[in-house]
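These notes are about the structure you will find just below.
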Amino acid sequence: MKLLGGLLLLFTATCLCNVDCDIYKKYPVVAIPCPIENIPVCGSDYITYGNKCKLCTEILRSNGKIQFLHEGHC
């Protein structure tokens, strides 16, 4: 039972540590239409982005050098 709980926790943590930016790849980086919503996320450059779309813009602009760290402010 502990093994199952540990695997579930690992799976959940893995899923939360990724942002799917594939939907934004069809736009030029300078023209990605991000919604006006304030749901902050922290990037691996330790900058707080206003939402996942704005982080994806930077991820694509940096060719993947910046990554998602966690939800909320850095």
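Glycine too: its Cβ is placed from the backbone N, Cα and C atoms.
Which of CYS15, CYS74 pairs with CYS42 is settled by Swiss-Prot: its disulfide partner is CYS74.
For CYS53, the cysteine that Swiss-Prot lists as its disulphide partner among CYS21, CYS34 is CYS34.
Within the set CYS17, CYS21, Swiss-Prot assigns CYS21 as the partner of CYS56, by disulphide bond. Closest by Cα distance to CYS53 (disulfide bond), from the disulfide-bonded residues CYS21, CYS42, CYS74, is CYS21. The distance from the Cα of CYS42 (disulfide bond) to the Cα of CYS56 (disulfide bond) comes to 11 Å. When secondary structure is read from DSSP and collapsed to three states, CYS34 (disulfide bond) falls in the coil class. Of all the disulfide-bonded residues given, namely CYS21, CYS56, the one with the smallest number of surrounding CB atoms inside 10 A is CYS21.
Using DSSP to sort the residues of the domain 'Kazal-like' (18-74) gives these counts of helix, strand and coil: 16 helix, 9 strand, 32 coil.
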